[in-house]
Structures are given as C-alpha cells and as structure tokens.
Amino acid sequence: MFSQKLLANGKLLSKLAIVSGVVGTATAITTSTTLLSDDFVQPTSYPWEHRFPWQSYDHAAIRRGHQVYTQVCSTCHSLNLISYRHLANVAYTPEELKAMAADTTVMDGPDSEGDMFERKGQVTDFHPKPYPNSNAARFANNGALPPDLSLVIKARGAHEDYVFSLLTGYCEPPAGVRVVGGQYFNPYFPGTKIAMAPPLADGMVEYDDGTDNSMSQMAKDVSTFLCWASEPEHDDRKKLGMKVLLGVSIIALPLFYWKRLKWSVIKTRKISFKD
C-alpha cells in the first residue's frame, strides 16, 4: 500500500533522490578526505611489559624517563598535571624530591600587599612551565604549539607505541617530498611534517644508574614515564583487580556448592499423578 502511494507521488520520489545524492556525495567527500589525511605510517606495536594484566610499571624506567623529560623535553613541553609529590615512592624518595623542587623558582602570591613574589619550589608544586603563555610558546616554535605531555599517551590511539615511534622515527624525506625550513620529516607524525626537531641523540642524557643511554633506550624510558603520568593509578588498579578476582574465586566455590545443594531437591523431584 505504501509503495503504491510512493510511486504515485512523483515529487516525493524526486526529493528522496536529491537527498540520497547529497548524502552519498557528502559520504564520498568525507571518506576521500580521511584517506588523504591518513598519509603516515602506523606505529609498530611493541611488547611493553606493563600492558600485561599481572605486570606493573618499571619504576626504574619511570625515574630514567623523568630524567629525560627534565633535561630534554621540559624545554618546550609542560607537564601541568604532575607535581613533584606524585613521584614520591614511585621514582624518588621524599628527600630527593624536596631537593629537586628546591632547585626551581616559583612565582607565588599575592602577598599581604597584593604583589606577586618568587619563592623556592616545594614538593606540592607542579612542574614549571617552559613558557608563560601559549603565544610565547608559538613564537618560540615557528608558530607550532608544543602540547602538554600530561595526557599525551591517552590522547594518541597507539599510546606509548606512538610516542616511541615518533621519537625514533626521524629520517630523510623520500624523493618527491618537500620539507620547508623549520620542519622535519617524520613518517609517524600525521602529515609526516613536524615542527619539532629530533629531540634525542645517543649519549644525550647521562643516567644516574649507568643504564645504556642510546636513543632508543631514552625513547623507551620517557615513553614509560609519560605512560605513568597519564595513569598514575595503574599499579594500584591492577592490585585491586587481582584482590577482587582472588576474593571472587574463593567465594565462588562455596556459592556453587550451596546453589547445587538448594536446587538439587527441586531439580530431582518427580511428580506422579494418580488415576
């Protein structure tokens, strides 16, 4: 009945055809735009130990990664959500953190007279920002705004694989690819042209524990540190999950026996009818 009315109404059919054409064209444009923008290499999936359900973060790697961030990455990138006290008993002792924070200068205030003043850093302070505002950051980086690294691992689909591949993936552009001044070729960056110069090189950071300071090792350590920074509760969450699973498994056996005991009478009963 509906199909007959639809065929009889020519105007309705023409409108439906126009709408279908517009939707199809929009879908094709969106698809082609997505394909054109996806001109970068997908990062390799690496076997990070902390990804396994029973594994925690490598806390020695977190300490080394924080050292790489402090000496290399902090010159351009902020870490707004991590204070020094967050690293206590994770990568440093409280005494080490107090000394580390005291080496920084923090703008505080206002005082009783309404003026801002400088003071030594405390463990409750967050890591200092490299630039006072976003305009200063853009001016110092050829118009590019260095992202905050607190949640950069969560903000990328490949997570720590992306950060590691990006840091170690700088190379010469292939034939036919033009890179203007102030940009560098990196096949793992969307668009393949990035304003950040290669940040790491072999031997750039001297580790306190004597670990090999190759570029790949530093990239691995700072990726682990940033992964922890994006999810500091990772280890506690896994510990709680293991406790819950252990408790449930212990309770499950007596509950199963109790269920069999209570339902055995109902499941095995027989009803007979007398004539």
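A Cβ is built for glycine as well, from the same backbone N, Cα and C atoms used for every other residue.
Bear in mind that the values here come from a model prediction, so they are computed numbers and not experimental data.
What Swiss-Prot says about this one:
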BINDING   Cys73, Cys76, His77, Met196  heme c binding site
DOMAIN    60-212  domain 'Cytochrome c'
TOPO_DOM  29-239  topological domain 'Mitochondrial intermembrane'
TOPO_DOM  259-275  topological domain 'Mitochondrial matrix'
TRANSIT   1-28  transit peptide
TRANSMEM  240-258  transmembrane segment
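Counting only same-chain residues six or more apart in sequence, the Cβ atoms lying under 8 angstroms from the Cβ of Met196 (heme c binding site) belong to Cys76, Asn141, Ala144, Pro146, Tyr184. For the recorded heme c site, residues Cys73, Cys76, His77, Met196 set the reference point as the centre of their Cβ atoms, and the other residues of that chain within 8 Å of it by Cβ are Val72, Ser74, Thr75, Pro130, Pro146, Leu149, Pro199. Secondary structure of the topological domain 'Mitochondrial matrix' (259-275), assigned with DSSP and counted as helix (H, G, I), strand (E, B) and coil, comes to 10 helix, 0 strand, 7 coil. One residue stands out among the binding-site residues Cys73, Cys76 for having the most other Cβ atoms within 10 Å of its Cβ: Cys73.
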